[in-house]
């Protein structure tokens, strides 16, 4: 796993020998932060590549293929999302997409690793001014602890974390889901990325099962994401009486999205028979 100097390539190896790779021009930056190994590459055809502990986090060209489905389905399904919490997302892409919604009055982003924010600010323009937006509040802290201790309440909670293995497993635990449920306002929505159903099957099913113990409804959908082992999975938790299968198309028109199509929101729930049967057994 990692950078191959002879091939001028970065390859991320997933379980069972599945790999996703990019030809790279150069390594722009690397460091060991307090929490993880951070690398940044310039690829031949996809812009900059952000890597944390050997795992691809962001591909600059096409990053909307991840950030749009993570943010807009829940934001458009909620009738009036005013207060939003983002856990993770240090590159700023999720914050950027959240702040495109005019209903948002406050968006709090909690990122544990300040170096991810700084490298993203210096080398990339993914945030596109989101960090400076007066509605945004950046907190450098552990998202698990923040959620446990905060008195704030939110309409939408978005978890933009690393894969559901290793240290990030805490973000996929029943206890974490319960804290999130408690910090949602009545009729709130929660979403997390959840890895590849084909390569992180057990981890995803565990999260789906534990969310089902906590939230009033749980929805699964997947989306092709550039740079990830697609299709990539997302899990949505509903608190109260919100129909996640219906989105506000009038608000959606103002966004001019590139990847996620609100007019075909219902297609998110069309999944392969294999996946549907897996979820039905949970």
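Positions of Cβ are set from backbone N, Cα and C atoms, glycine also.
According to Swiss-Prot:
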type: DOMAIN; residues: 11-239; note: domain 'PABS'
type: BINDING; residues: 36, 111, 142, 143, 167; note: S-methyl-5'-thioadenosine binding site
type: BINDING; residues: 67, 91, 160, 161, 162, 163; note: spermidine binding site
type: ACT_SITE; residues: 160; note: active site, proton acceptor
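Feature map: annotations from Swiss-Prot on the structure.
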| residue | record | DSSP (3 states) |
| --- | --- | --- |
| 36 | S-methyl-5'-thioadenosine binding site | coil |
| 67 | spermidine binding site | helix |
| 91 | spermidine binding site | coil |
| 111 | S-methyl-5'-thioadenosine binding site | strand |
| 142 | S-methyl-5'-thioadenosine binding site | coil |
| 160 | spermidine binding site | strand |
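Taking 67, 162, 163 as the binding-site residues under consideration, the smallest Cα distance to residue 36 (S-methyl-5'-thioadenosine binding site) is found for 162. Nearest to residue 67 (spermidine binding site) in space, judged by Cα atoms and limited to the binding-site residues 111, 142, 143, is 111. Applying an 8 A CB threshold to same-chain residues 6+ apart, the list for residue 142 (S-methyl-5'-thioadenosine binding site) reads 110, 112. Mean pLDDT of the predicted structure over the domain 'PABS' (11-239): 96. Spatially close to residue 160 (spermidine binding site) yet at least six residues away along the chain are 70, 86, 87, 88, 89, 94, 193, judged by Cβ distances under 8 angstroms.
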